[in-house]
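Participant: Got a structure here, written out as structure tokens. Questions coming.
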């Protein structure tokens, strides 16, 4: 029984020794890696083979799904002394083996131009029958903070509150904002309130000493970006003078409007008065005599000339020869005169005949000027 027990122990030790000296992955170090987008990463997978590993060498890198119910995605494969690097379309052209001949013991994988979508768990699996070994890496691709934008909000007067803001559009959380002063004594105002999460700094009851240049840094675990802002605290303006000036301007404007309205009303009243005077003048002037009626009166007088010769000279009035060199229109267009007309002088009939006068009969007329 003692010899049999000793034989079994020796056999067991030999088997354990052979197993320990078989296929092994010798890479060490962190299995959780954080990288910034745009960088490259090397997932190390060094291995050694045992003398009894006689089967074909197969190397496979795969992306483990976050959900256990999903299948893993094969990324890159080495089999039959050939490398196949186009299995996974999202990493196509950006992934390859670190060694041109992985069978020499280097199955490490390089990923170029990292993206945030490359985040995941990657597994290196090496198989050479009867040996099998694997190693996993948790890769986290983080986005650097984008260039932050600094701004100042609030009144820049002494005794007022001002808020300095800093914000990055892109960047993987957690991300914090740090404010510092780069001018003067480089110390923040004593009443400054910082918020590292939102990136705001409130300057309460600001004084002239708070004026200067301030810098904000946006940072996370993979990068840092910054921006600056100038702050100038001044004395508040004289509001009483501004109010007085506004009131004076309003009064001047009202006076100007009143003058314009007064001038318009005066001009309108004057024009209306002139029209009324013109209407009164036209009503006082009698209408001119008709030329047709005057011509008819001369015609009737001429037709009766022959019968006037037998009338006695005492019944005749003198008749002077009309002057034809004057324009008749002037006589008709001339307004009537209000001066009294002197009575015509009487002369004897024989004297009138010697003077060449022609006796005419003047028909009687009524008040409106018509012949009776």
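For all residues, glycine too, the Cβ spot is worked out from N, Cα and C.
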Participant: Consult Swiss-Prot and report the residue, out of 205, 351, annotated as N-linked glycosylation site.
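Facilitator: Record annotation (Swiss-Prot, N-linked glycosylation site): 205.
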Participant: According to Swiss-Prot, which stretch among 242-262, 263-283, 284-304 corresponds to the feature transmembrane segment?
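Facilitator: Residues 242-262 are the ones Swiss-Prot records as transmembrane segment.
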Participant: Need one number: mean pLDDT over the topological domain 'Extracellular' (23-241).
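Facilitator: The average pLDDT of the model in the topological domain 'Extracellular' (23-241) works out to 91.
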